[in-house]
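This report refers to the structure that appears directly beneath it.
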Amino acid sequence: MSEPRSSRIRWHVLVFLAPAVIVYTAVMIFPLFNTLRLALFTEIEQQRVFVGLQNFKTLFGDAIWSEQFWNALGNNFWFFFIHMIVQNPIGVLLAAILSHPRLRFAHLYRSAIFIPTILSFVIVGFAWKLILSPIWGIAPSMLDAVGLKSLYAPWLGKEEYALTTLALVSVWQFVGIPMMLIYAALLSIPEEILEAGECDGITGMSAFWKIKLPLILPSIGIISILTFVGNFNAFDLIYAAQGALAGPDFSTDILGTFLYRTFFGFQLQLGDPHMGSAIATAMFVIILIGVCIYLFGIQTRLRRYQF
Amino acid sequence: MNKARRSPLNTAAAHAILLTYTLIALFPVFVIVINSFKTRKAIFREPLALPSSETFSTIGYETVFKQGDFFLYFQNSMIVTVCSLFFILLFGAMAAFALAEYRFKGNTLMGLYLALGIMIPIRIGTVAILEMMVATGLVNTLMALILVYTAQGLPLAVFILSEFMKQVSDDLKNAGRIDGLSEYTIFFRLVVPLVRPAMATVAVFNMIPIWNDLWFPLILAPAEATKTLTLGSQVFIGQFVTDWNAVLSALSMAILPVMILYVIFSRQLIRGITSGAVK
């Protein structure tokens, strides 16, 4: 922080800041608030008319809209719930094993397990669609090989399983991220603490539960909020696997696909940017609430340990 | 090191779990790629067998090359990704330098303002972004995508890079000032080379989401001439959904470039994730 004392305008500071601030403001912040503003308008005879909260009244009050909205929101929470109860434990387990000192091939496993994360949703969605398809028969024949053929069902085509299946596919894709973050957190635990625990007779599994797990809780908190934000604007996987109608019978519809259909239009449905803005506003509020709960409710309570 | 952590039984169990999960992670990719080289009959008869001399066929790839303009899609994805990364790094580093180096009114506020975008996804503003792109005539241009991805990448880039720029020694910069270097020269000649590893991390972080994004290409640039590889393969697969050879080949071709990038950058990526998390 060394500055020549001068009262002149320091142009170079402006020049350094301007491009980033202009692009960020023009393409991100301004459209964000403009979307919130557009939610208060509607189009009547090709004129944009201010209608106040009418769009939200329609969204929550009109049976056709509200049913879709609550369906999408409920599905979205289920999608997030599956992520939390499957992705985090698997991530912690893999990271805990990988962080064993002197485990051979650790970097090989790590790189391989991370591969699904780098693939696009389109690839992941279609690949799993083909594998689970009853036409191709990979999934049923593999279940047959272990004698569990009776368990097979065309999961993606059944209303009661489709959403859970897609959530699990998404977990399969993203488990690399929690694994890496927790792995890094585990490596940063100093050996002295574990040794101190050993002196007190805390070893093996109990060392994990009593010493390591509390120390990686902040990482699990970060992963949870990242997953939350990611899930509540997810779209690509559902779109790639089930199309914009999020079939069967909207059972896999989440807020992202609902927003896409509403604002962009699909097949017979015409696009309505104003109702779309209303849904986007609802998503914004939900994400904001989630982030605030994390920042003020969870993060401040999880003490961060500095070594 | 206690005994429990060393015992061979535990090690075997650890390898068994990791191996199982590795198989789960790689199995779908493996099945897609091997079947893309088989005849239609063989795909259905023995989906798990490797292609043999009898069942080998590249008919799927021939369809893909005949019907889809994959080179154009690939080129579009390349242009969008490389240009976005360039602007994210250039603008991000400049802003990070300004925030880390100079004391001015509103410094903290500006930092917070730029950090807002880390948690709030840019997709929420899609309706207004589309409207703006229509008004400025940028719909169906690669420029629209580049602008959106630059805006999306900037917040995290500024945040990470300014952390690193604070560590660059003041003496070095002051020595430069005494030698009469301008602030711009100090930034480009002295500071940027020193934070190059951090810039590489930022680039790798941004590369994969930009390359894989489906939402913005679908909405802002769905025209044939501007399709990215992700959108192009999505549309192609949707059209050829009953031609299994073509679908499997298209999927394999979409996997290939990402895998090459991953092999090149995986160390950088993994180091980036792990070092970022320790902070």
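Note that Cβ sites are derived from N, Cα and C of the backbone, with glycine treated the same way.
Record features (TrEMBL):
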type     : residues  : note
DOMAIN   : B:74-265  : domain 'ABC transmembrane type-1'
TRANSMEM : B:12-34   : transmembrane segment
TRANSMEM : B:78-100  : transmembrane segment
TRANSMEM : B:112-130 : transmembrane segment
TRANSMEM : B:142-165 : transmembrane segment
TRANSMEM : B:186-208 : transmembrane segment
TRANSMEM : B:246-265 : transmembrane segment
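Residues 76, 79-80, 83-85, 87-89, 91-93, 95-97, 99-101, 111, 114-118, 122, 129, 133, 191, 195, 198-199, 201-202, 205-206, 210, 213, 216-217, 220-221, 226, 228, 276, 279 of the same chain sit 6 or more residues outside the transmembrane segment (B:142-165) yet have a Cβ under 8 Å from a Cβ within it.
Using a cut-off of 8 Å between Cβ atoms, the transmembrane segment (B:246-265) and the transmembrane segment (B:78-100) share fewer than three residue pairs, counting only pairs 6 or more apart in sequence.
The stretch in closest packing with the transmembrane segment (B:78-100), judged by the count of Cβ pairs under 8 Å and taken from B:12-34, B:112-130, B:186-208, is B:186-208.
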